[in-house]
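Trainee: Before we start, here is the structure in question, set down as structure tokens.
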Amino acid sequence: MQSLLSGGGGPSLEVDAVSILRSITPSLDNSRHKGQAGKIAVIGGCREYTGAPYFAAISALKIGADLSHVFCTKDAAPVIKSYSPELIVHPILEESYSVRDEDKESISDRVIEEVDKWMERFDCLVIGPGLGRDPFLMDCVSHIMNHAKKSNVPMVIDGDGLFLVTNRPELVSGYPLAVLTPNVNEYKRLVQKVLHCEVTDQVETQQLLSLAKGIGGVTILRKGASDFISNGETVSAVSAFGSPRRCGGQGDILSGSIAVFVSWARRHAAEEGRKTSPTVLGCVAGSVLLRKAASHAFESKGRSTLTTDIIEHLGRRGVLSGQLKRLILASTSS
């Protein structure tokens, strides 16, 4: 892994990647109670898409979060529940086809009220896996995001959540606890919307820096052969080898993983009195872990590797051994 200094030329901080994970991961001991290792909520899941929210939510548990919730539509809930009894599934979201125009306001209020009852309990939200693009559902989720900001709850935004944010950047603008995880095409749309230009490979890292600044200092993880991460102040790259098998669902693993690591990094920073960015550290840790888990899964399953195989490797001992040695993070403060 390598880091790229921002245009400001600030000093670089070189740290051991395994040490990062160990330092922000809470220890397991008998003094802790349920919930202290993290409570994550996924906002997503509709008639067409039930796998994505499951992958994100179960990945959070496999890494070590104590509780994982899914807020989805009523049609999706029985299916997601059938995937795992470990998940807490809330069938409260509604799509336009099931709501009369005269009932939309009252139903929207009811959805927000139900989510809000839980909001302050959560350490991080994952917005978007399997969400779909139904207009009424999108509007409800935008209200949920505003409530999350008021409660100072971090958000990892992926999938159709990125479609929503691209159309309405003000939902996350200026919120430093927001993380966006676009793939190549999603990133292009964000650049066009915010920077009003096309993606230029020659200055891709500078453009990523400008994009994060343009959205008010959110953290962006641009997925690709190397994952580039910026919060508008630094740009870092995670290039550890993953898997040549590009099965669908790996982005959902990543969003669930980042949510856990952001919550752990945030708590660790508060306990240690450090000023490090929990969103950047969470992205780095999530990216590294996914890549190494995918590598181990591919070694075992080869061309038949599926997302479920990768998930099984997330919490296993030794997944970070081998090629992974060093991580360099660019920082504007020593």
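From the backbone N, Cα and C atoms, a Cβ is placed for every residue, glycine too.
For Gly130, Asn183, Val184, Asn185, Glu186, Tyr187, Lys188, Arg189, Asp252, the entry in TrEMBL reads (6S)-NADPHX binding site. According to TrEMBL, the ATP binding site annotation covers 223-227, 242-251. The domain 'YjeF C-terminal' annotation in TrEMBL covers 17-321.
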Trainee: List only the single closest residue to Lys188 ((6S)-NADPHX binding site), chosen from the binding-site residues Lys223, Ser243, Gly249, Gly251 by CA-CA distance.
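Mentor: Sorting the binding-site residues by distance from Lys188 ((6S)-NADPHX binding site), the top entry is Lys223.
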Trainee: Tell me, in order along the sequence, which binding-site residues from Gly130, Val184, Asp252 have their CA within 10 Å of Lys223 (ATP binding site).
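Mentor: The binding-site residues passing the 10 Å Cα test are Val184.
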Trainee: On a C-alpha basis, identify the one among Gly130, Glu186, Asp252 that is nearest to Arg245 (ATP binding site); the candidates are the binding-site residues.
Mentor: Asp252
Trainee: Looking at the binding-site residues listed here (Gly130, Val184, Glu186, Asp252), whose Cα lies nearest to that of Ser243 (ATP binding site)?
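Mentor: Closest candidate to Ser243 (ATP binding site), judged by Cα separation, is Asp252.
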Trainee: Roughly how many Å separate the Cα of Cys247 (ATP binding site) from that of Gly130 ((6S)-NADPHX binding site), to the nearest whole number?
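Mentor: Pair distance, Cα basis, whole Å: 16 Å.
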Trainee: If you count Cβ atoms within 10 Å of each one, which of the binding-site residues Gly130, Gly249, Gly251 comes out on top?
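Mentor: Per the Cβ count within 10 Å, the most buried is Gly130.
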Trainee: Round to the nearest Å and give the CA-to-CA distance linking Glu186 ((6S)-NADPHX binding site) with Gly251 (ATP binding site).
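Mentor: For Glu186 ((6S)-NADPHX binding site) versus Gly251 (ATP binding site), the Cα atoms are 12 Å apart.
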Trainee: Tell me the Cβ contacts of Asp227 (ATP binding site) under 8 Å, same chain only and six or more apart in sequence, or just say none.
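Mentor: Counting only residues 6 or more apart in sequence, the Cβ neighbours of Asp227 (ATP binding site) under 8 Å are Leu221, Ala237, Val238, Ser239, Cys283, Ser287.
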Trainee: Sorry to bug you, but what's the C-alpha spacing from Gly251 (ATP binding site) to Val184 ((6S)-NADPHX binding site), rounded to the closest Å?
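Mentor: A Cα-Cα distance of 12 Å.
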Trainee: Including all protein chains displayed, how many Cβ atoms other than that of Glu186 ((6S)-NADPHX binding site) lie within 10 Å of its Cβ?
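Mentor: There are 20 such Cβ atoms around Glu186 ((6S)-NADPHX binding site).
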Trainee: Going by a 10 angstroms cut-off between Cβ atoms, which of the binding-site residues Val184, Ala225, Cys247 has the sparsest surroundings?
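Mentor: Minimum Cβ neighbour count within 10 Å, taken over the binding-site residues Val184, Ala225, Cys247, occurs at Ala225.
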Trainee: Could you give the Cα-Cα distance between Gly251 (ATP binding site) and Gly130 ((6S)-NADPHX binding site), in whole Å?
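Mentor: Roughly 11 Å, rounded to the nearest whole number.
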Trainee: Looking at the domain 'YjeF C-terminal' (17-321) alone, can you tell me the average pLDDT?
Mentor: 91
